[in-house]
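I have placed the structure first, in the form of structure tokens, so that the comments after it can refer back to it.
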Amino acid sequence: MGRYSGKTCRLILMLVITVIFFVAEIVAGYMGNSIALVSDSFNMLSDILSLCVGLTAARVARRAGSGRFTYGMGRAEVVGALANAVFLAALCFSVSMESLKRLAQPQAIDDPPLVLIVGSLGLAVNVVGLLIFQDYSCLCAKRQKDASVPRKDEEDAAEEEAGLQDEKAEKEGPPLNIRGVLLHVLNDALGSVVVVVASALFYVWPLAPESPCNWQCYVDPSLTLVMVAIIMSSAVPLVKETAGILLQMSPVDLPLKAVLDSVCKLPGVLSVHEAHVWELAKGRNVASLHVRVSPDLHDQCWAAGTSGLHAQILQVFHRAGVHSVTVQLERGEGEQDAGRCSAPCVSPACMKLSCCPGGASSVSVCNGNPSSPSGDVAVDMLHVGTALLKEKDSQNEPEKYKESTKF
């Protein structure tokens with residue numbers, strides 16, 4: 001394996017191209033005394049900063065876990081994507097204010113031929129960048145598709161699971177970090193389109209210096225406002241998605257209610273409480289839950305029974321796309337106590353700081369099936385869990401879920 005991944009190589013290539021064009025544009029702007037070119041060169045500088053953020057985040061995210069960063073640095077790309085999206089939103093706000101000022105006080109473009117040439121070159125550079133990242137997105141989609149195809153000797157056993165994974169892979173796009181950089185490149189590309197269109201109008205229909213501004217002077221700021229609206233329509237969802245990951249919200253595409261119902265229908269399970277699912281990074285889901293098991297299962301066949309039950313719970317979450325699950329099995333004392341945690345904090349003083357308060361009922365789903373799990377029943381329940389996972393998570397959850405601690 002090489003030192004640099006495909007994602008890193010593309011970021012480096014785009015960074016080199018952008019730096020070269022930035023230097024050429026700012027030199028041409030000062031030599032030609034064109035404030036438009038100088039302003040556009042600083043727009044390219046914002047692209048350079050976004051590429052540096054993306055490149056740094058991509059390299060840091062590959063670091064292994066340590067004593068302080070036990071999960072590793074996987075969220076570095078999420079932070080980088082959020083920083084790029086917020087920076088782009090601030091840039092769009094600044095550009096929109098300048099466009100409104102130009103609408104109130106219209107101005108003609110100075111030296112249209114020079115602006116047209118440099119704007120065309122800038123558009124070509126950004127089109128190359130879009131093609132570079134589009135090629136990376138297609139490559140990621142192809143790898144996901146190839147990885148989801150089971151071998152022939154496993155097709156019968158993994159057919160349903162592969163179908164679920166394919167559906168999820170189709171929804172996944174490029175990494176969040178690449179999306180943040182891609183938005184900056186798209187913003188600059190649309191800005192170059194606006195520059196080319198506006199300068200071409202002044203080149204074809206030149207406006208005398210002493211003539212007042214006509215409709216041509218309003219084309220540039222008007223198209224710029226349209227460009228800002230297009231960019232913000234993609235930047236705002238990226239901000240929401242990255243902020244949701246950092247706030248450890250449940251993944252929007254994960255049917256948590258169906259997963260919990262599937263776990264609660266497993267034989268030997270009395271209830272499930274303190275269930276939490278969050279995204280460590282894009283596509284890397286983590287879950288933890290407390291499961292109350294039947295006293296008969298606890299006393300008679302704890303070693304064998306709970307081992308099989310634990311495997312079934314992991315399989316249910318695996319089919320939902322959660323591959324890192326921590327399950328705490330608790331002894332059940334009856335249906336009236338099914339919703340209470342049997343492993344609260346050791347001191348009453350820290351009860352409010354605990355995720356699972358011992359004195360109050362938390363989220364619980366009881367299935368009324370305390371029988372010990374058998375092999376045939378376990379297989380049947382896994383098929384039931386698969387069917388439930390295909391259902392969409394309802395927006396209004398039952399009352400029994402509303403008391404769960406939100407992470």
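Yeah, the Cβs are placed from backbone N, Cα and C, and that goes for glycine too.
Residues annotated as compositional bias 'Acidic residues' in TrEMBL: 155-164.
Per TrEMBL, compositional bias 'Basic and acidic residues' is recorded for 389-407.
The domain 'Cation efflux protein transmembrane' annotation in TrEMBL covers 11-247.
Each residue of the domain 'Cation efflux protein cytoplasmic' (256-330) gets a DSSP state, and the totals for helix, strand and coil are 33 helix, 32 strand, 10 coil. If you look up TrEMBL, you'll see 256-330 marked as domain 'Cation efflux protein cytoplasmic'.
Residues annotated as region 'Disordered' in TrEMBL: 150-171 (among others).
Sequence annotations record features per position, and here TrEMBL assigns region 'Disordered' to 388-407 (among others).
The transmembrane segment feature in TrEMBL is assigned to 12-32 (among others).
Look at TrEMBL and you will find 44-61 (among others) tagged as transmembrane segment. Taking Cβ pairs closer than 8 Å, the transmembrane segment (44-61) reaches residues 5, 7-8, 11-12, 14-15, 18-19, 21-22, 25, 72-77, 79-81, 83-84, 87-88, 91, 122, 177-178, 180-181, 184-185, 188, 281 in its own chain, all 6 or more past its ends.
Residues 46, 49-50, 53-54, 57, 175-177, 179-181, 183-184, 187, 221-222, 224-225, 228, 231-232, 235-236, 238-239, 242-243, 246 of the same chain lie 6+ residues outside the transmembrane segment (81-100) yet bring a C-beta within less than 8 angstroms of a C-beta in it. Annotation comment: TrEMBL describes 81-100 (among others) as transmembrane segment.
As annotated by TrEMBL, transmembrane segment applies to 112-133 (among others).
Annotated transmembrane segment per TrEMBL: 181-206 (among others), in sequence order. Long-range contacts of the transmembrane segment (181-206) within the same chain: residues 11, 14, 36, 40, 43-44, 46-47, 50-51, 53-54, 84-85, 88, 91-92, 108-109, 112-113, 115-116, 119-120, 122-123, 126-127, 129-130, 133, 174, 216, 219-220, 223-224, 227, 230-231, 234-235, 238, each at least 6 residues beyond the stretch ends and with a Cβ under 8 Å from a Cβ of the stretch.
The feature transmembrane segment is assigned by TrEMBL to 218-239 (among others).
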Taking every residue in the domain 'Cation efflux protein cytoplasmic' (256-330), the average pLDDT works out to 84
If one takes Cβ-Cβ under 8 Å and requires six or more residues beyond its ends, the residues near the transmembrane segment (218-239) are 81-82, 85-86, 88-89, 92, 95-96, 98-100, 102-103, 106, 109, 176, 179-180, 183, 186-187, 190-191, 193-195, 197-198, 201
